[in-house]
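Annotated in Swiss-Prot:
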- Cys177: active site, acyl-thioester intermediate (ACT_SITE)
- Arg70, Gly71, Gly72, Gln73, Ile74, Thr75, Tyr76, His77, Ser146, Leu147, Gly148, Gly159, Leu160, Ala161: substrate binding site (BINDING)
- 31-217: domain 'BPL/LPL catalytic' (DOMAIN)
- Lys143: site 'Lowers pKa of active site Cys' (SITE)
Amino acid sequence: MNIPLVVRRLGVQDYNQVWRQMQDFTDQRNENTPDEIWLVQHPPVFTQGQAGKPEHLLNPGAIPVVRSDRGGQITYHGPGQQIMYVLIDIKRGKAYGRDISVRQLVSALEQSVVKTLAGYGVNAYPKAEAPGVYVNTDGQEKKICSLGLRIRHGCSFHGLALNINMDLTPFHHINPCGYAGLEMCQLADFVENGEADCDEVSPKLVTHFAEILGYNATKF
């Protein structure tokens, strides 16, 4: 049985615009709508999740702040960060012989990042108590990927943000994901110049995600 997955490369687009498109897609889809992945980068923006607390926004400066409907706390998006939004019909999994829970979807996102980074020689890992993906460098734990999902009508939207080759300075203006003092890192910290490129990393990320969840008809 073919289990299709449509992958869309959106380039660099405004956060609010893509957010509205995700909501519209989720509201309008039906049981026959193929699942989709949207690969995108955003201009600089801070986003507050539904659990976001204002005290974690320390000094936004000129960077806009958006109150989002995803789960989680505050994070930063900017050019050089690969966003992968996953628009998945979770409840349809049983029809394909798969029982996908929200926790399994989160795990699939985390493991797709872990496997992708392993291909670059980076040893990364998830944490059960703090969703996302982390790297231990010289005894210090740093976060390289943040996660946030919303489930509506049994379908997911939002997804992950993997730091590839970006300006990490704005993360110092917040408590990332609600953790004071949490240091962020990116793929460019661990590889040679030129290897940390969103266009090179994103197909690997999608391939691992599709394999983990059993998609066998991925269309870019």
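A Cβ is built for glycine as well, from the same backbone N, Cα and C atoms used for every other residue.
Annotated features, which come from Swiss-Prot, shown on the structure.
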residue : record                                   : DSSP (3 states)
Arg70   : substrate binding site                   : coil
Tyr76   : substrate binding site                   : strand
Lys143  : site 'Lowers pKa of active site Cys'     : strand
Gly148  : substrate binding site                   : strand
Leu160  : substrate binding site                   : strand
Cys177  : active site, acyl-thioester intermediate : helix
Arg70 (substrate binding site) to Cys177 (active site, acyl-thioester intermediate), Cα to Cα, whole Å, comes out at 12
In whole Å, the longest Cα-Cα distance within the recorded substrate binders Arg70, Gly71, Gly72, Gln73, Ile74, Thr75, Tyr76, His77, Ser146, Leu147, Gly148, Gly159, Leu160, Ala161 is 15
Cα-Cα, Lys143 (site 'Lowers pKa of active site Cys') versus Gly72 (substrate binding site), nearest Å, comes out at 15
In all the protein chains shown, the tally of other Cβ atoms within 10 Å of the Cβ of Gly72 (substrate binding site) is 21
Comparing local Cβ density (other Cβ atoms within 10 Å) for the binding-site residues Ile74, Leu160 points to Ile74
Counting every protein chain shown, other Cβ atoms within 10 Å of the Cβ of Arg70 (substrate binding site) number 21
Students should find that the Cα atoms of Ser146 (substrate binding site) and the residue listed as 'active site, acyl-thioester intermediate' sit apart, in Å rounded to an integer, by 8
For the domain 'BPL/LPL catalytic' (31-217), the averaged pLDDT of the predicted model is 93
Ile74 (substrate binding site) and the residue listed as 'active site, acyl-thioester intermediate', compared by Cα position, are separated in whole Å by 5
Other C-beta atoms within 10 angstroms of the C-beta of Lys143 (site 'Lowers pKa of active site Cys') total 22
Whole-Å Cα distance, Gly72 (substrate binding site) to Cys177 (active site, acyl-thioester intermediate), is 7
Judged by other C-beta atoms within 10 Å of its C-beta, the most isolated of the recorded positions Ser146, Cys177 is Cys177
